[in-house]
Amino acid sequence: MSWAEIKSTLPKRSLFVFSLDNPIRKGLIYTVRSMHFGRFILFLILANCVLLAMDTKEPGFEKTATGQVVGYSEYLFTALFALEMCLKIIALGFVGHPGAYLADNWNRMDFCVVLLGLLAYLPFVDNFSAIRSARVLRPLRTITNVKGMRVIVGTLLGALPKLFDVFVLVFFLFFIYGVVGVQLFMGKMDQKCATLASEYPNHGDSNTGTSCDAGSYCIEETNKDNLPNFGLTTFNHIGWAWLTIFQSISMEGWTTIMYRVMDAVSRWAWVYFVSLIIIGSFFAVNLALAVLYVQFTSEADIESLHPDKDKDKKGDAVEYDEFVPIKSGNRIVRACYAISISPRFEQLTIALICVNTVVMASEHNGMPSTMSTVNDWINYTLYGYFVIEMLIKLTGFGWRRYVADRMNVFDAFVVFVSTIEIVISLASGNDPDGYLTVLRTFRLLRIFKLARSWKALNVIITTMFNSIASISFLSLILMLFMFIFALLGMQVYGYEFVNCDKSDYSRHNFDNIYWSFITIFQMLTGENWNEVMYDGMRQVSAWASVYFIGIVVLGNYIILNLFLAILLDNFAEEAENNDDDDDDDDDDGGKPKSSQILEPHAFVHGKYVEGLEHTSLYIFGPRNAFRKKLAQFVYHPYFEYAIIFIIACSSIALAIDGPKMSKDAPLYDTELSDSEEQMKSMLYYADLTFTAIFTLELIMKVMVDGFIAHKGSYLRSPWNILDALVVVVGILAVVGDDSMNASSLRALRTFRALRPIRMASRAQGVKVVVNALFQAIPGIGNVALVCMLFYLIFGIMGLNIFMGKMYYCSDETDTATRLYGSTTEFTTLGSPYTITSVCSPTAYTTLWTNPRDYNFDHIGNSILALFETATLENWLFIMYHGVDTTSLDHQPVRDASPYLALFFVVFIIVGSFFVMNLFVGVTIDKFNEMKEKQEGFKGSILLTESQKKWVAIQKLLVACKPDRVPRRPSHSKGRASVYDFVVSDKFEVIVMVSIMQNIVVMALAHDGMNDTWVSTLFYINCAFAVMFLLEATAKIYAYNPKEYFSDNWNRFDFFVVVISIGGVVITLFAGQDAAYVSMIRIFRVARIFRLIPKAKSLRTLFQTLLYSMPALVNVGSVLALFFFIFAVMGMNLFGKIVPTDGELSRYAKFEDFPTAVLTLFRMSTGEAWNGIMHDCMITDNTYKSADEDNWTDRCTPSYVGTVFYFSVFILLCAFVLLNLVIAVILDNFASNNEDEENPVSKEHMYSFTRAWVKLDPHATYYTRAANLEQIVQTIEPPLGCQGVPPNVAKQETQKIIMSVDIPNHDGKIHFLETLHALAGRIAGTELPAHAEVKVTNKIQKQLPTLRSGKVPQYTAAHYYAAMYVQAAVRGFLARYEMREKMKTMPVNKLARQGSMSKHSHASSG
């Protein structure tokens, strides 16, 4: 840039002293704009970051050498950054010009940071930690120096408006649930029975909260440390309620809160929390992902984050056939080349890699020395083969061709690492800790060579690697985010968590940069983040919650969601590439075979039954009379309804038939009552009846359709195979009822739970979702394979690092408690002494114990522990135990190996953030693929962009309809005046403000209110109730009752008014403390919903929910179906397992159907699902009933079966079906966003609707053609000309009317035809024939012209043309008459009129 160009961007004088020609300023301008100056400042920032990371609040740190260096460096960096600021201010000017220093946002931040840094050194200002904390913002300056980071930040800033809309919706949700929570649960969680040791005794019989035992009384607990979560999760006022709601929406610890409220208030409190999770977590929070996804995919600059798309798509996989075969050279080179390109050589390599994998995975704790020796020799042999393979390829290809394939480079790297491992292990003699053998696991990565020949696997691997390239800059943003919050955490919370648990300090802490990073990472995963917040709030301040909530919101809901958006975008691109490749294969698909002739006798009740064209069971021919009668019966709609009814009855029976009703043994010590015994007998015979009916149905359908031999036969349908399987299992359960043992019978009875799935084939919406799941199975299977590959790799790493090292000393009476760390004796002994497997010195009756829930002693347990870690549940226990490991057969010591935490961090990044999110990607990708096929979007690639928009606009038109509004009374002036008042904008504003004030007043309620405050709130609420009663009365009077109650919002308002008045009356008579008064109060919160139509952002997001509802209902139905099936299975498998002190409790168990469903819902949110699984895996406890002759086995039926049950449920419901919810929300939000960007958006259509209803208040869809001019003048551009200057409005209106073809139906125009024509004027374009047919089929029912097929002869344009001609003729005739009159008028009269005319013109001028 030339000096003249630079001068044009800067102020003429800097600080009123230095001109642009001043040599000092000129030199500084060149200096601060220099690339070297920028790099030097970046170096200073990075150096400052290193020294900031070395800082700590450890007592006495300032006196150490490191502390002194850090302290003195702060003076240096403050001075350097202050000098930089001064140089820039002199060079650029301070303020008041677009090129001045403070005109740049980043410079403003620098100015504030430097100023606060200097402020700390003033003599009258203490060195507050808040001022020192401002230093942590310095690393943000790195963003300006990296283009990719700037793009990411620009994307986030561009998404802020829509994210703010999501924030408004979430705040709206918080306000509703907060007020309801305060009204229902205020002060309920601070109570405690005075004479009981436990905080919360068992639930009382009254079902209204915990009841104290006789002799005890309920008091308020004043010591917050004795309350649940230290009294920090309450609903005592709106602030605490919002904090509790935020924790619940984050789905971490929400069940603990719910169970406490169920204890304290009522078991029905689950309704509040479950609805909060569904609306808040499943919908509202996922809108943030939708916003970021839409913003990311629509940004033009975001292409710079993707790898170069012009590169060869083959990427790393180079085909050697493309090289010219080697003809020169010696015989050895040619032979090596031939071997290298041989497919058999490649297959042998892959086979040996698989052998290597099996050998490495076969290692286990306690492995015989012989097996260990054999494994070592096999590893050495395989290592030798891989060395020979590398040498052969190097010789055959030469080093240039060899390194052309990146997989070869990776192979060479693996061989190099293996060489290092073998050399070091041979030199040292052994590797007792197994750390070096971890390097062998790099060999397993070579198994990804399968991706070259496995197309589906290649797509997933390619997506992963493309995502790695795309998220590199996002990873830098995430690291910067974590670094800043880690520094801030060290400043505020360093060494503050020491006395959190009285006997020991917390594992999560901010004592140094390493553990700060680990704690921040823990919070980003969402695991126990609330416990970190509790410790911060207890030790520092309640306002500490802002810091922790900020981490969760910014890190989890924004940055990690942007990461997921990038992954989804890469999946979409990969799918588009595959669609382009497969287009030619689908040209002939879906065409009916016109040569197929349908036999008339194959039709039953108008339905074609293909099986009737063939002989059934080699007995019944196509025209057999009995078979035809049977077909008439089986395929009759009433028969289908009867089967559906029987399935429903069978499902109800299955839900009732819990463990308590099982036939094998009693569950409780007490005998069943007579009614329960009768119910048990009825269920048994009902099961026999249902089995018989389903068997008879199966036989009849087989006789009609045939069994399996021909097309259309019974078992040719997958749904029928499922039905047959359920029937056969039911028959086996009945036949083997007396002959099988209990465990086998439980397994067979479990399969009865599949009966309700037969509903899926009979409910169309459910069938669509289930079919989508079936079609997604191949993709999900490929993702599962990738998961297993990564789990296998990390599992073998875990074997080598942790195998046999997680044993610990425990008290024999309580093996779950580690003695180390729980008592001072063992803590002291753990440091100077080595406590080995002998558990000596013995201070207790000790036992050398392996953790019950996790270990890495063999590959199965290793993979299971990693799978649980990947789901981000209870992984901290595993990580901290791994960090405490020392060596084989030695007691763990706290933080003995702190850097082993990085193993779990890296695995979560790869195995959870990447691999588990592939389930999200493949599910959404399959959903979009099905949607395209269903809507016929394959042909949309042939449409231009304008044609696509016109198709989208016409689809929006179908959803538009005029609202019915009451007519203005004409016969009564009083009613007309009231009508004008209640429909005015001022009245609407008054009502909206009153609603907001009422909600604010309700939010002012809190625990411990004095009588004056209670009375004041009551009287204010009475005033609001009267105000809204007057509003309803005025509207009823103005509209008349029929018109008033025809509107849904009015009915809703009236219901709330009645409830409010009823609540006031009841409060006056029953008092404020009546139990049901708070229930009545919460209905007043419903008034806030009236704000939705008035707030555009809320309306848009609620429309997304509304448009998503049909698909969400279908997904929800399938979820409910699977919940039912797994609940019934759970009752049969785990209903008799004794609850432990762990996650399996009185509220989380499988003893009855409602509790089982609530437990499964909890598990679908990920809340300690693996804790429940491990509690259901007990094998060493057998409990007897009072009758010694009858005993109940209360152990798990199968260890492996339990793992399979819970793992399948988590994968199916939490990672697949709930991802369909995300897919639906993403799709509808993206569609809604695209609609807003169309030339004619929904807002434009709303403007048209508002103008129309004024002329068609009864929503007849018709108005007079003469009103078209008024409509056009009152709707916003581009459809109309509202706001156009008056001097051109008339001409613009005529231009619009004469340019559109609106059918004229006997002097009337139709709503949709008018809107269609006005929209077509803006965006209309000619469509291809196939697209025109599809659009016409969608809208023809709404348009009378298309519906009737009769096109009116005239249009509205003809009508207005006639009006204009008529007006012109009338004008001509009027002027002609005037001229004739003037001819006959006397001269003096004409002169007098002329002078009067001149006078009037002069006065008007």
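Heads up, the Cβ atoms here are built off N, Cα and C, so glycines get one too.
Annotation comment: TrEMBL describes 36-54 (among others) as transmembrane segment. Below 8 angstroms of C-beta separation, residues 66, 69-70, 73-74, 77, 80-81, 84, 135-136, 138-139, 141-142, 145, 483, 487, 513 of the same chain, each at least six residues beyond the ends of the transmembrane segment (36-54), sit close to that stretch.
If you look up TrEMBL, you'll see 37-299 (among others) marked as domain 'Ion transport'.
Sequence-distant contacts of the transmembrane segment (75-96) (same chain, six or more residues past either end, CB-CB distance under 8 Å): 10-11, 13-15, 18, 24-25, 28-29, 31-33, 41, 44, 47-48, 51, 102-103, 107, 110-111, 113-114, 117-118, 121, 138. Annotated transmembrane segment per TrEMBL: 75-96 (among others), in sequence order.
Look at TrEMBL and you will find 108-130 (among others) tagged as transmembrane segment.
What TrEMBL lists as Ca(2+) binding site is Glu252, Glu527, Glu873. Neighbour density for Glu527 (Ca(2+) binding site): within 10 A of its CB lie 23 other CB atoms from the protein chains shown.
Residues or ranges marked as transmembrane segment by TrEMBL: 269-294 (among others).
What TrEMBL lists as domain 'Ion transport' is 343-577 (among others).
Marked as transmembrane segment by TrEMBL: 377-397 (among others). Away from its own ends, the transmembrane segment (377-397) comes close to residues 320, 323, 326, 332-341, 345, 349, 352, 355-356, 359-360, 408, 411-412, 414-415, 418-419, 422, 440, 443 of its chain (Cβ-Cβ under 8 Å, at least six residues beyond either end).
What TrEMBL lists as transmembrane segment is 513-530 (among others).
For 577-588, the entry in TrEMBL reads compositional bias 'Acidic residues'.
Here TrEMBL flags 577-596 as region 'Disordered'.
The domain 'Ion transport' annotation in TrEMBL covers 636-935 (among others).
Per TrEMBL, the feature transmembrane segment maps to 638-656 (among others).
Marked as transmembrane segment by TrEMBL: 682-699 (among others). Away from its own ends, the transmembrane segment (682-699) comes close to residues 634, 643, 646, 649-650, 653, 656-657, 661, 663, 714, 723-724, 726-727, 730-731, 733-734, 752, 755 of its chain (Cβ-Cβ under 8 Å, at least six residues beyond either end).
Look at TrEMBL and you will find 783-802 (among others) tagged as transmembrane segment.
Under the heading transmembrane segment, TrEMBL lists 899-920 (among others).
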* How do the residues of the domain 'Voltage-dependent L-type calcium channel IQ-associated' (1248-1303) split into helix, strand and coil according to DSSP? -> 29 helix, 4 strand, 23 coil
* pLDDT averaged over every residue in the domain 'Ion transport' (636-935) -> 77
* To do: Any chance you could find the range in 269-294, 638-656, 783-802, 899-920 with the most Cβ pairs under 8 Å to the transmembrane segment (513-530)?
  => 899-920
* Asked: When you scan the chain for residues with a C-beta under 8 Å from the transmembrane segment (1017-1034), skipping those not six or more beyond its ends, what do you find?
  -> 978, 981-982, 991, 994, 997-998, 1001-1002, 1004-1005, 1009, 1050, 1053-1054, 1056-1057, 1060-1061, 1063-1064, 1067, 1072, 1084, 1087
* To do: Excluding Glu252, Glu527, Glu873, please set out which residues of the same chain place their CB within 8 Å of the center of the CB atoms of the Ca(2+) site, keeping sequence order.
  => Thr525, Gly526, Asn528, Trp529, Leu872, Asn874, Trp875, Gly1166, Glu1167, Ala1168
* Just jot down the residues in the same chain as Glu252 (Ca(2+) binding site), at least 6 apart in sequence, with C-beta under 8 A of its C-beta; none if empty. => Gly526, Glu527, Asn528, Trp529, Asn530, Glu1167
* To do: Would you mind listing the long-range same-chain contacts of the transmembrane segment (269-294), meaning Cβ under 8 Å and 6+ residues beyond its ends?
  => 155-156, 159, 162-163, 165-166, 169-170, 173, 177, 180-181, 184-185, 245, 248-251, 254, 257-258, 261-262, 557-558, 561-562, 564-565, 568-569, 1101, 1104-1105, 1158, 1161, 1165, 1218, 1221-1222, 1225-1226, 1229-1230, 1233
* Structure fact -> Beyond a gap of at least 6 residues from its ends, the CB atoms lying under 8 Å from the transmembrane segment (899-920) belong to 460, 463-464, 467, 518, 521, 525, 560, 563-564, 567-568, 780, 783, 786-787, 790-791, 794, 797-798, 801, 866, 869-872, 875, 878-879, 882-883, 885, 1211, 1215-1216, 1219, 1222
